[in-house]
Amino acid sequence: MKLIAGLGNPGKKYERTRHNVGFMVVDELSFRHQTPWKKSKFNGMVSEINVGGEKMILVKPLTFMNASGECIRPLMDYYNIQVEDVLIVYDDLDLPVGKIRLRQKGSAGGHNGMKSIIQHIKTQEFNRIRVGVSRPLKGEVINYVLGDFPKAEQPDIIAAIQKSADAIEDFAQVPFVEVMNKYN
């Protein structure tokens, strides 16, 4: 069993923002597998998919980005999921729009959602997919990540969401290092 968490902020006003690209990836998986989202007792929306016999718990924390770990750790405990079976999908300002990078460990890199998860699961050694959203050319980062993708970037971000979902489906069947080799 795997736990796949897409990071974002709950609420309609954040739905299509750069900061919610993690939600978009797990939404794509739920859509592909035609599985509903249900509110869990761990302050998140949960959907269960099955890929080649491997159960995957998809989660969208409802804690807002900066407290994502408050949802992830209790779900790991409840489902008895080991850290090597956890994968976090989140936005990355340091990658161009549409690029993805897979890693098995690393720091939070200034991402508050990742800081919260590292704090709550007490390790930096877990799988992650970073989805590029680029940096603003000028202006504040906060307004930028809470803004929607412009029309010109839509094809690139849609491709990145689909590629990320493909990588997650592969993770159901092969070790993450093989998935990294294929998609990086």
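Note: Cβ is positioned from N, Cα and C throughout, glycine not excepted.
Note that the coordinates shown come from a computational prediction; the quantities given were computed from them, not determined experimentally.
Swiss-Prot lists TYR14, PHE64, ASN66 as binding tRNA, and of ASN43, ASN80, ASN112 the one it places in that same site is ASN112. Packing around ASN66 (tRNA binding site) is summarised by its Cβ count: 13 other Cβ atoms lie within 10 angstroms of its Cβ, all protein chains included. Taking the mean position of the Cβ atoms of TYR14, PHE64, ASN66, ASN112 as the tRNA site, the remaining residues of that chain whose Cβ falls within 8 Å of it are ASN9, HIS19, THR63, MET65, ALA67, SER68, GLY113. Here the candidates are the recorded positions PHE64, ASN66, ASP91, ASN112, and by Cα distance the one nearest HIS19 (active site, proton acceptor) turns out to be ASP91. Less than 8 angstroms from the CB of PHE64 (tRNA binding site) sit ASN9, PRO10, each of them six or more residues away in the same chain. In sequence order, MET65, ASN66 are the residues near ASN112 (tRNA binding site), counting only same-chain partners six or more apart with C-beta under 8 A.
For the tRNA site, whose annotated binding residues are TYR14, PHE64, ASN66, ASN112, the maximal Cα to Cα separation is 16 Å.
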